[in-house]
Each structure stands twice: as structure tokens, then as C-alpha cells.
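Peer 1: Sharing the features that TrEMBL gives for it:
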BINDING   D44  Ca(2+) binding site
SITE      W76  site 'Essential for stabilizing binding to COTL1'
DOMAIN    92-634  domain 'Lipoxygenase'
BINDING   H333, H338, H511, I634  Fe cation binding site
Amino acid sequence: MVQVVHPVSIKTLPPEPQCANRPLGHVVLVRLRLEIQPNLPNLDWHCSRVEVCRLTEGPGSGPEDPEIQVFLCNRWLQTADGDVELRSGKLCLLQDETEEKLKQQRVRELQRQQKLIRWRVFVDGTPQCIALDNLSELGPNLNYKHKSPVSNTHYLKGFNTRAEAWKSFTEFEMVFSHSGNENSVARFVHAHWTEDWYFGYQCLNGCNPLLLHQIRTLPPNLSVTSDTLQPFLPEGSSLHRELQKGNLYLLDYAVLDDIPTNMINGKQSYMSAPLCLLHLNQQGQLVPIAIQLQQSPGPQNPVFLPSDSRCDWLLAKMWVHCADFQCHQLISHYLKTHMMGELVCVATLRQLPQVHPLHQLLMPHVRTSPQINFGARVSLLAPDGVFDKAVGCGLEALPILLSRSSKRMSYRSLCVPDDLSDRGVDKLPQSYYAEDALRVWNALHRFVVSWVDLYYSGDHEVQQDSELQQWLSELNTHGFIHNSSFPQVFLSKAEVSKFITMIIYSCSALHAAVNFSQLDFALWMPNCPSSMMRSPPKAKGTVTEDDITSFLPDVNVTLRVLTSLTVLSQPAVDFVPLCHYREPVFRDGAHRRLVEEVQAELEVISNDISKRNSQLELPYPYLCPRRIDNSVAI
């Protein structure tokens, strides 16, 4: 006799077990259908699993212990779903299926998903997003409730009506004393933001540590000579020698060249596309030594130097920080973490069935992305949102910048060991982002390699996995459209492991580094202006200290940006730490062992980072695994 035990619903009392009136034989699939009952509300129902208990009669001694077959579900059911098919057994690849019915079930699942989940272009030439007109279309299994701590922004909102320039730095000080003085990083920023060594430090460990790169030759459009730079190089050295030694680094914001600028408070804002040359000095500090505010050299585009007047040099650095704000928010943050997560989520739901081992590994890291990104598209990035009303790169420039950046983004730039090595920042002193990122990446990579080893015995199995190859093809078709540097086909287990690690890192650790740090460095707004309200200076010696505040965003604009960053920078109170999984599949046998191993390694990394930070005047906590959310959480 076979006894089918219904799962416990969180909305209703569990029904009595139901018995089959005849032997069922070997059960390979269970179909569930949620039906509306008369006089009862149409409620969603969460099913964790279905158990099929097979009772056998012992010889003359009554029934033996039942044989239980478990069909995992772990999802919400709706009446609109129709038949939902569940299967028992372990995760497996298509080529490892032994039952034709199960092969057909994989095909039916993907066909259904491809009808329900469709692609939409948000910006031409960028990774595509899920086609949604309202959030309810996501359904309960892709919706989640984000619990944020209460943020006290009432003081900031009190300035909403002041659509005027700041009168002086004294006003900034007054606001900062209320909004930022309790933040230890912000206090350090406030104390040191004008100092050259701290400018360089932020290139390595600020909220956007992804742009700085080592150079061996000067860019041809940077209008400097060896004589110009000689006073800022070590005595007895030369520009040629410092380039050969690898001591020169560049920030190049060419992606902002000729970007349309925004109208803010009815006034024209301005943008620059700077080139900033930095030198690693004999004290191990990275310091700026030349800043050109526009890409094309010329008499009205001077190169600012540390020997210029204090006001000229400070204002040049502020222009660089403003350019960096645009690239940080839209490229390092939105494109490389949020858009990446949504791209992978949609492709996974459409091309990898739930029983595929990589579907189960990826979804905890990307499941939240469609909901979060839809919210951003209808608020932050929409008319009257903060980018429209408060950021130099407004809605007209946004698609241009995202499209340009997508074309320039390489696969290697998303893989931490390659990126750090290519940019020459892996061995720089005080490069804490690089140091921590490499350790976290390596831990994740070992975890992913072990997971892949469970299901692929050799490279030939990777090549034969048609679902995996179709998934990659979908990612390339809808994501990396103009970029051939991304894998076009998987030929080996190593290629799969690296690619999956890139996704998990981007949607967890990288997001933590670029999101949860942003308020700390922006609370003292002159360090991180979201827009500039006067044009870049075309000559030296034209700016006084009293003029500097007139370049900065208006009072209400400043406080609107800080209010938004305050909300975005708060970790959820219910966040799931990196590689801590709530899904039942991760509690099973070999999976559990792998999860426990990576959790132990990440805990060692957390302890090491905490110990190091306790000895630093300015800690770098953003890649401490205990603080990294398992997914793009906000």
C-alpha cells in the first residue's frame, strides 16, 4: 500500500494523509494543483515537500517501517499555476537522466518558464532585464520582503525646500555635525579629504576601487612632459624610470566624454571626463601628480598640478570625485552587480531546470535581483527620481553611459585575480580591497570547483550538457551582446567554475564593497559631489576658496542624495551572510559538507580581516564575509 502524505501549509491545517486505492508502483513525478474551494479565499500556499510513504507487510508481524520517498517543492503555489510537477531524487544533469518521463519533465518546465518569463530591453546595448509592468507579475517565488533598519533622515529632509547654493563651508560643517559625525569613516574623510595621500587611498579602498590602473606609457592625450612632472618624482629619478618601475597609475574617465549634462533645480549642471595621473611615492603612498579635466588637450584645458594654488588643486580633485560618482553609481554598482544579477537570474529560470545543480547553486545569489532592479527602474532611475533631480549624469546621459560601459566591460575585469593583475593593484601597499577581494574570490572558487566536481566527471560532460550551453548562449545573446571576450561555449570544468564564481562574487562580495561603503565616503559631500554647477575652469588662478562651494550641488540636492544613500547603504536586518543558504538542497549530504567547508574558510577570513582592521586607523570592513550579503540585497 502507498500512502501519500500532503505537505503542511502555512495557511491551513494539514489535511489527513490520503491513501491510494491501489499500488502505485515506482513513482517518478508528483503533480500538485492548487484549487479554489467553495466559500474559501483564494490564497497562495507554500509547499515544502510531498512525501510518498510505501507501507509493506512484514511476514506475519504487521506493517514494517515505511519507505519514504521525498518530492521537494520549497515554493509557493497559486491557483493560476495549474499542474506543478515535483520529482524525487538528487540533482542531476540531463545526460544522467535514466527515465524518459523525467527528461520530458525538464523540457516542459523550461517551456513553461520561457512563456512566463520574458526579456525586455531597458537600455540598448546593455544586459537586458525581465519583462514586467508591475511587481505583482513576479509572483510570490521571486518576491521577497526586505527588512531595513529604521534610518533617521528627518534632519536631512528638513532642507528639501532650499533650492540654493551653499553659502560657505561653515554650512557644510553644521549639517555634517548632525548627519555624519557619528560615522567614524565619515569623520576621517572630513578630516583628511583635502590631503593627496588620502585621495590616492580612496582610489584603492573607497567605494569605487575598480578604476585605477597601472601604466607603462603616458596616454597621448594627457598634456604633460617629463619636465612638468619632475618636481613630483623622487630625486635622481625620471618619468621614464618611474614608468618602467611601474610606479605610475591612471584614472581615466573617457567614458564620460561628451555625455549630456542634467538640468538640476532649473539650472545647468556640468560634467568633466578627467585624466588623473598618480604616483606611488617612496613612502608607499599613492598620490595624484597631474589632473586634466577633459580628454582633449588644449590651451583651455590646463593640467592641474600639486604646485598650483591650493584652491586650483583642490577643485581639480573635486572634479575627479564628481566624475567618479557617476561611474561608481552606474557602472561599478548598477551595471556590474545589479544588472549582472538580473541577467543571470532570468537566463537561469529560462534555461536551467530546477533539478540542474547549477540552477540550485546560482539562484540564492540572484533571486532578489529582478525585484530590486524593477524598483530602481521605476524610482531612482525614473523621471523625478534621484538621478533625474540630483545627479549630474541625468536621464538623458544614463543610457549613453550604460551602453558605452557595457561595450567596454571585459570578462577579465569581472574576474578578481585577472582584474587585479591586469590593473597592477594586486601588490600595492594598503590595497585592502584587492587583498580581501582575492581571498574571498579564492574561497568561493574552491567551493564552486568542488560543487562542479560533484556532477561533472570530466570536461566532456561539460561539452555534452546542452542545458548549460544553451544557458551560456542566452547570457551572451541578452547580456554580453557586443563583447566577444566572454566565453561563447564551455569546453572545460575549469571554465564553468570560473564563470560561476564570477557571478557569485559580483552579486555578493562586489555588491557589498561598492554599495555598503558609499554613504561613508559621501556624508562629507565635497568629497563625493553628485554634480557640479559651474563649468570646469579653463585657466588657472581664477578660483578662490569662497568660489568653491558655488561649484557644488545645491542644498536640497545634496540632502536628497544623502537621504537616498542612507537608505541604500543600510544592510537588511534579515540579511543572509555569504554562503549561508536557507534552501533545503544545501542541507543534503555532500552539499552540506561543501557548504560547511566554505563557511569555515570564510569565517577564518572574517577573523583575519577583523584582526587587521583593529590595528588600522582607518579599517576596511566592506569585504569581511560576515558582513557580505549572499545576494544583491538592495
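Positions of Cβ are set from backbone N, Cα and C atoms, glycine also.
A description of the local structural setting of each listed feature is requested, covering burial, neighbours and distances.
Peer 2: Within 10 Å of the Cβ of D44 (Ca(2+) binding site) there are 18 other Cβ atoms, across all protein chains.
Just so you know, the Cβ of W76 (site 'Essential for stabilizing binding to COTL1') picks up 17 other Cβ atoms within 10 Å once every protein chain is counted.
Long-range neighbours of H511 (Fe cation binding site) (same chain, six or more residues apart, CB within less than 8 Å of its CB): H333, T337, H338, G341, D629, V632, A633.
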Peer 1: Measuring Cα to Cα, how far is D44 (Ca(2+) binding site) from W76 (site 'Essential for stabilizing binding to COTL1') in Å?
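Peer 2: The Cα atom of D44 (Ca(2+) binding site) is 6 Å away from the Cα atom of W76 (site 'Essential for stabilizing binding to COTL1').
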Peer 1: Restricting to the domain 'Lipoxygenase' (92-634), report the mean pLDDT as a whole number.
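Peer 2: That stretch averages a pLDDT of 94.
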Peer 1: Measure the Cβ-based neighbour count of H338 (Fe cation binding site), defined as the other Cβ atoms within 10 Å of its Cβ.
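Peer 2: Other Cβ atoms found within 10 Å: 22.
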Peer 1: Let me check the 10 A CB neighbour count of H333 (Fe cation binding site). How many other CB atoms are there?
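Peer 2: Its Cβ has 23 other Cβ atoms within 10 Å.
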